Amino acid sequence: MPTSKWEYIFFCIFYFSNNGAPIGGNGGALRQALMSQQYPTGYVKWGGETLPMNSMLLDVTGILFAAQLVLLLTIGPYADYGNWRPWIMIIGQCVLYICQFAMCGISKPEQWQAAQALYVIGSVAANVVTAFYAATFPSLVRDLPKLLESEKEVQEGTKSPEAHGELDSYERSKLYNLCNITGSALVVGTYAIAVGISAAVGYNTPQKLINSYRILMGYFGAITLVCTLPFFLVQKHRPGQQLPEGTRWWTVGPMQVWSAMKSAAQLRQCLLYLVAYFMLNETFGTYFNVTGILQNEVIHYSPLKLNAMSLVADLAGGSGTVLVLVLQKKFRFSVKAGVFYGACMTLIPSLWGGIGYFTNTVGFHHVWEFWLAQAWNFQTAAWGSYQVTMISEVVPAPKAYMFFALFNTVGKTSGFIGPFISSAIIDRAHGQTSAAYWFLFGMGSIGAITLWFVDTDKAKSDIAKYLERE
């Protein structure tokens, strides 16, 4: 089924929902503000002991990602097999809609547990949709009319497989970059309006603060609906692969991951990138969680500053992605070069935060540092743009779905290990949140060094030998 123009356009617009705006920013700030009002000492009873609130929030994040991992291992095969992928995306997105609008009903500090539950359920739903969205990406590119025509030319002998491969790689990078650019542009516009809403409603009293976030949750819920519904209406329901003989729906997920792990062991470059991907996702994902918690405290949960900072972050990220896309089109630099530059840029914020363990002069103790952190998204845009595209550079194309499932599982595993370890570090440091940054910087540095040794040319050779054996 050739990819239509509107399917391509609405796929890019859908990315607004993956940018964290629907529930991640304002929903997370609302639940943290409620907890802060309910527990003004900064300590909360959790798991039979009294913990710093920041440790508890990271524990909840770890639980969220652990639940998500189990869920994706269970329903993940539907992304590759059968015809259920579009329907699971629709169901997950509907759960997100419900959680967004339900948070509008939260009005008192003692309702923080309800806010916590809605935030966790909504975040899991959003991340499941994001995983299935990513699984849609390869088939959408593969069925582009220009790719289908190029493939036909290869079969007719009028075009080399190498030229087709270069076009395929470029179109994959182009679509992923366009998704980032479109999502960032939409988020910048909606955040600008959100700043105005916050200023108009006010937030200078505890009750006004909560009311402001309630209104913003309804606003972002409506925008999410408008940005995602059109894709569901025009999406072509492409059939997936047939279920392997002798397997069941509830076992094929773990079996798929195990099979990919065994195959990765035979593909050295794939294995190297898998290690780098794990460690860098560990660093960057947990960095955002830790910094987001600190930021809410430093700005005193101000919805105006939160949305203004989010606006700067997406404006910087979108601008960085546009620059990367233009530079790649002009100089045709490799995906490896783009992803390595982005990976190195993700380390600097963690190093900056780690310095804050020893001094209050810098290290995410002041409002200006969080403005700077948002602007730094201009530099880290390359990591967001190329980390997924890089996977397809080191895995066999006929088994791309299987390897995408492996990388997705590894990414989700790092999502819950990082917060749990960071929570324990903060607890041991007597509530000093900055201590967690040194763990993140160390892991990220190992990941970047590992990424340096990934050779995409050797990967092609490994893949050819692997497919011959298969």
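Positions of Cβ are set from backbone N, Cα and C atoms, glycine also.
Per TrEMBL, the features are as follows:
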type	residues	note
TRANSMEM	56-75	transmembrane segment
TRANSMEM	87-108	transmembrane segment
TRANSMEM	114-136	transmembrane segment
TRANSMEM	178-203	transmembrane segment
TRANSMEM	215-234	transmembrane segment
TRANSMEM	270-288	transmembrane segment
TRANSMEM	308-327	transmembrane segment
TRANSMEM	339-358	transmembrane segment
TRANSMEM	400-423	transmembrane segment
TRANSMEM	435-454	transmembrane segment
Would you say the transmembrane segment (178-203) and the transmembrane segment (56-75) are touching, if the rule is that at least three C-beta pairs must lie under 8 angstroms and be 6 or more residues apart?
no
Suppose I define contact as three or more CB-CB distances under 8 A, residues 6 or more apart in sequence; do the transmembrane segment (178-203) and the transmembrane segment (270-288) meet it?
no
Report, as numbers and ranges, every residue of the chain located at least six residues beyond the transmembrane segment (308-327) whose Cβ falls under 8 Å of a Cβ in that stretch; write 'none' if there are none.
19, 21, 25, 173-174, 177-178, 180-181, 183-185, 187-188, 191-192, 194-195, 295, 299, 333, 338, 370-371, 374-382, 384-386
Distal contacts, the transmembrane segment (339-358) - CB-CB under 8 A, six or more residues away:
276, 280, 283-284, 287, 290-291, 294, 364-365, 369, 373, 376, 379-387, 389-390, 429, 432, 434-435, 437-438, 440-441, 444-445, 447-448, 451-452
